[in-house]
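Have a look at the structure below before the remarks.
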Amino acid sequence: MRAHEAGALHGDLGFSGPSWLRTPQDVNALVPQLWPRTVERTAGGEMAVGGVNIRKIAEQHGTPAYVLDEEDFRSRCRAFKEAFGGAEVFYAGKAFIATHIVRILVEEGLSLDVCTGGELAVALRGGMPPERIGLHGNNKSVAELTRAVEAGVGRIIVDSFDEIDRLTTIAKQTGTRPKVMVRVTVGVEAHTHEYIATAHEDQKFGFSLSGGAAAAAVDRIITEQALELRGLHSHIGSQIFDTSGFEVSARRLLQLQAAIHDKHGIELPELDLGGGFGIAYTTQDTPAEPRDLATDLMRIVKQECAALQLSVPHLSIEPGRAIVGPAMFTLYEVGTVKDVDGIRTYVSVDGGMSDNIRTALYDAAYSATLAGRASTEPPILARVVGKHCEAGDIIVKDEFLPADVRAGDLLAVPGTGAYCRSMASNYNHVPRPPVVAVVDGESRVIVRRETEDDLLKLDVG
Ligand SMILES: Cc1ncc(COP(=O)(O)O)c(C=O)c1O
Ligand SMILES: N[C@@H](CCCC[NH3+])C(=O)O
């Protein structure tokens, strides 16, 4: 019998899982909010996605692999686009970007937010029209800015006075007048992990509103005329569930908008409230639907504009996680199962912190399920760990898995579409997994698995 078997043993052995974790009624159940829409368990007990059996995906593409439900991804793009009506939806490429993803975004009518020259290169290679690209970054290089200007990107979100200097020089050299937005630090304490909150005062992003830097940046751009100021921008953080932070942010941005109007006699035509909409990583998370977010955000902006006697600017948002996060899961194979008596069961899989750093970095919670079969065994509390030489190499801190989980089993971890492949590393010289897109009964690789040759090709000598 394994440590922490569910039910009676909970009390007897001391349940060391978090208080929110519930013993599942059915350990094989696929809780809909966690999984891409086409995921199901077949009559035989295996998982399937997009009409393809998970065992077939593992045989064809190997493990570990990120599996993208393409229909799910498209439906989330559409949900945001439809919900936000006239507003422009910039998909945040940092969550996950590949040329195939860019092609889908183009087809679905979304725009794209990039934050480095590398992401810009993928966006252009994937065929995103430059005018639908926005470039972010708190330390964009001269090369990155020049490339963006020469490519004709639709907007550059300026983040510092040094950048305004650089961009002004580039504008003069190239005889252009780049369109810019000013990234404002609105002073909101977003309810999320400290490392992914981006609008409280003490941080590297943006121009401070309360300290006057935001107004000074605006004054300078308007006065110098080298850059075309399109509007104000704020991104308060990531994995945020309630809209109160956006409300404060919108109110403060629009107060600045009103002050600019009073001082310069102009109403900036655009306003961006950023991304950050949360998703479900566990059964306890209840994310908002895009249509509810849209209703709330648009109401807030309209109310504030009415109160300040401003016209409503053209709104844009930048969701990343909420579009791609739930559309992917990671498929692993179990290599070892170890009972540390009276403490917990460790289930080691063939990936780890190199394909999902979020657990180690943010103490993020994830879920997992046995994917290659169903089980009639009772649930046990397990920890899913990777193969890296690091004790903190944890993928899922606490999860109930069937008591007969064993080497050779396939295990799927949902919600890994955002900030997993894009933050993956080669720690311990582990090749990064492929991304396999599944749709209408077909699976195909959209980002191939790294090879040993890939790992060695940068070594000189
Ligand atoms: C400026 C900006 N926009 C959009 C995003 C996307 O955030 P999320 O993936 O949480 O929607 C981020 C990342 O947090 C960001 O820094
Ligand atoms: N990388 C973070 C999100 C923030 C990144 C963009 N500012 C995460 O994995 O949750």
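Using N, Cα and C of the backbone, Cβ positions are placed for all residues, glycine too.
According to TrEMBL, the protein has these features:
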ACT_SITE  Cys389  active site, proton donor
BINDING   Gly276, Glu318, Pro319, Gly320, Arg321, Tyr419  pyridoxal 5'-phosphate binding site
BINDING   Arg321, Arg358, Tyr362, Glu390, Tyr419  substrate binding site
DOMAIN    72-324  domain 'Orn/DAP/Arg decarboxylase 2 N-terminal'
MOD_RES   Lys94  N6-(pyridoxal phosphate)lysine
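Shown on the structure are the features that TrEMBL records.
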{"residue": "Lys94", "record": "N6-(pyridoxal phosphate)lysine", "DSSP (3 states)": "coil"}
{"residue": "Gly276", "record": "pyridoxal 5'-phosphate binding site", "DSSP (3 states)": "coil"}
{"residue": "Glu318", "record": "pyridoxal 5'-phosphate binding site", "DSSP (3 states)": "coil"}
{"residue": "Arg358", "record": "substrate binding site", "DSSP (3 states)": "helix"}
{"residue": "Cys389", "record": "active site, proton donor", "DSSP (3 states)": "coil"}
{"residue": "Tyr419", "record": "pyridoxal 5'-phosphate binding site", "DSSP (3 states)": "coil"}
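Per-residue pLDDT, averaged across the domain 'Orn/DAP/Arg decarboxylase 2 N-terminal' (72-324), gives 95. Listed in chain order, the residues near the pyridoxal 5'-phosphate site other than Gly276, Glu318, Pro319, Gly320, Arg321, Tyr419 are Ala92, Lys94, Ala95, Ser238, Gly275, Phe277, Ala322, Ile323, Gly325, Ala418, each with its Cβ within 8 Å of the site Cβ centroid. The record assigns Arg321, Arg358, Tyr362, Glu390, Tyr419 to the substrate binding site, and the maximum Cα to Cα distance across that set is 27 Å. Checked against ligand 2, the binding-site residues Glu318, Gly320, Tyr419 give Tyr419 as the ones with a Cβ under 6 Å from it, listed in sequence order.
Whole-number maximum of the Cα to Cα distances across the pyridoxal 5'-phosphate-binding residues Gly276, Glu318, Pro319, Gly320, Arg321, Tyr419: 15 angstrom.
Candidate binding-site residues: Gly320, Arg358, Tyr419. Those with a Cβ under 6 Å from ligand 1, in sequence order, are Gly320. Among the recorded positions listed here, namely Lys94, Arg358, Tyr362, Cys389, Glu390, Lys94 has its C-alpha nearest to that of Glu318 (pyridoxal 5'-phosphate binding site). Put simply, Tyr419 is the one of the recorded positions Arg321, Cys389, Tyr419 whose Cα lies nearest to the Cα of Arg358 (substrate binding site). Ranked by Cα separation from Gly276 (pyridoxal 5'-phosphate binding site), the recorded positions Lys94, Tyr362, Cys389, Glu390 are led by Lys94.
In this structure the C-alpha atoms belonging to Glu390 (substrate binding site) and Pro319 (pyridoxal 5'-phosphate binding site) are separated by 33 Å.
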